[in-house]
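Swiss-Prot annotations:
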- C12, C96, C197: [4Fe-4S] cluster binding site (BINDING)
- H41, H74, H124, T167, S225, S226, N227, S269: (2E)-4-hydroxy-3-methylbut-2-enyl diphosphate binding site (BINDING)
- H41, H74, H124, S225, S226, N227, S269: isopentenyl diphosphate binding site (BINDING)
- H41, H74, H124, S225, S226, N227, S269: dimethylallyl diphosphate binding site (BINDING)
- E126: active site, proton donor (ACT_SITE)
Amino acid sequence: MNIFLANPRGFCAGVDRAINIVKNAIEIYGPPIYVYNEVVHNKYVVNSLKKIGSIFVKKICDVPEKSILIFSAHGVSKSILKEANKRKLIIFDATCPLVSKVHHEIKRASKLRSEVIIIGHKNHPEIIGTIGQYNNPNKKVFVIQSIEEICKLKIKDPNNLFYFTQTTLSVDDTNKIIFAIKKKYPYIIEPRKKDICYATENRQKSIKKIIKLVDIIFIIGSKNSSNSNRLFEIANKSGKKSYLIDTYKEIKKSWLNGVNNIGITAGASAPEILVQQVVNYLKIFYKNSVNIYQVDGDIEKTKFMIPKKLILKIK
């Protein structure tokens with residue numbers, strides 16, 4: 001039995017930063033620490049942080065006044081920030097810096113009162129937070145996730161139009177949508193840099209490499225993780241048996257019948273411990289008759305600093 005491990009896989013710099021912000025805040029201030037939305041979309045991570053004193057909330061009014069509040073890696077709207085400030089909360093922002101970059105861009109479009117097309121999933125926290133950077137977005141900001149939706153757009157001024165994208169989309173699918181948008185709106189203003197993040201792109205490239213080598217692919221990630229779902233879609237479209245799993249406990253023995261080569265990757269919010277647990281499960285299942293191969297991919301050196309307040313407290 002051969003196991004092929006995709007590289008890079010698992011935590012990206014933004015996820016790593018967000019988790020460290022929560023952990024450091026708990027260490028410095030003591031529990032409880034409140035977190036608005038899941039800090040990252042992974043069950044294992046969220047449950048681990050709950051055990052050490054994190055309380056995850058969906059409403060700012062559920063946070064006691066003057067408590068410590070952390071915004072998730074997906075970012076929040078300006079209205080949420082305003083509400084948190086009204087409650088005199090001590091705020092630490094774990095928004096991924098690459099999401100913050102998109103926020104800055106849409107704020108610029110808002111100042112110009114430009115119309116905006118956002119490519120992304122309407123109900124995803126990142127999109128909700130991004131739309132919330134635009135003042136009075138009604139009839140100004142349009143969210144689409146397919147080429148078919150472009151023809152339904154009612155753009156008033158194609159010469160004063162921007163587009164942005166969610167950071168965790170399929171690179172291939174998004175490029176097709178962008179091509180179609182630019183064909184219909186040739187004067188649309190592009191982001192200064194592409195919005196899909198390096199980690200999303202690298203993990204999609206790495207899964208394409210192992211697809212060619214395996215009979216079955218396990219994508220480790222939670223069902224509400226956008227980037228993990230995109231990895232699953234890529235694998236599934238290839239025709240290979242593909243499974244999105246949170247842990248090794250979800251693996252059914254019947255999936256492994258007649259399988260000689262197994263591929264494993266993990267979404268950007270899934271910790272390496274879950275990968276190793278899957279590998280260990282397979283070792284036991286195949287009675288240690290297993291060869292493990294690391295499939296080379298892009299080397300990631302990006303690191304994001306945690307807020308200065310937390311760094312100063314640690315010192």
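Cβ atoms are placed via backbone N, Cα and C, with glycine included.
For N227 ((2E)-4-hydroxy-3-methylbut-2-enyl diphosphate binding site), applying a Cβ distance below 8 Å and a minimum sequence separation of six or more within one chain yields T168, A199, T200, R203, G221, G267, A268, S269. Neighbour list (H41 ((2E)-4-hydroxy-3-methylbut-2-enyl diphosphate binding site), Cβ cut-off 8 Å, at least 6 residues apart, same chain): G221, S222, N224, S225, S226, S228, S269. Counting only the Cα atoms, the space from C12 ([4Fe-4S] cluster binding site) to T167 ((2E)-4-hydroxy-3-methylbut-2-enyl diphosphate binding site) is about 12 angstrom. According to DSSP, N227 ((2E)-4-hydroxy-3-methylbut-2-enyl diphosphate binding site) is assigned to a helical segment.
Candidate binding-site residues: C12, C96. Fewest other C-beta atoms within 10 angstroms, C96. Note: the Cα of H74 ((2E)-4-hydroxy-3-methylbut-2-enyl diphosphate binding site) and the Cα of the residue listed as 'active site, proton donor' are spaced 5 Å from each other. The Cα atom of T167 ((2E)-4-hydroxy-3-methylbut-2-enyl diphosphate binding site) lies nearest to that of C197, taking the recorded positions C96, E126, C197 as the candidates. On its own chain, E126 (active site, proton donor) has H74, G75, V99, G120, Q166, T167, T168, S226 as residues at least 6 apart in sequence with a Cβ closer than 8 Å to its own Cβ. Separation of the C-alpha atoms of H124 ((2E)-4-hydroxy-3-methylbut-2-enyl diphosphate binding site) and C96 ([4Fe-4S] cluster binding site): 15 Å, rounded to the nearest whole number.
Counting other C-beta atoms within 10 Å of each candidate's C-beta, the binding-site residues H74, H124 are led by H74. Surrounding the centroid of the Cβ atoms of C12, C96, C197, where the record places [4Fe-4S] cluster, the chain contributes additional residues within 8 Å, namely A13, G14, V15, A73, P97, L98, V99, T167, T168, Y198, A199, T200, A268. Listed in sequence order, the residues of the same chain lying 6 or more apart from C197 ([4Fe-4S] cluster binding site) and placing their CB within less than 8 Å of its CB are C12, G14, C96, L98, T167, T168.
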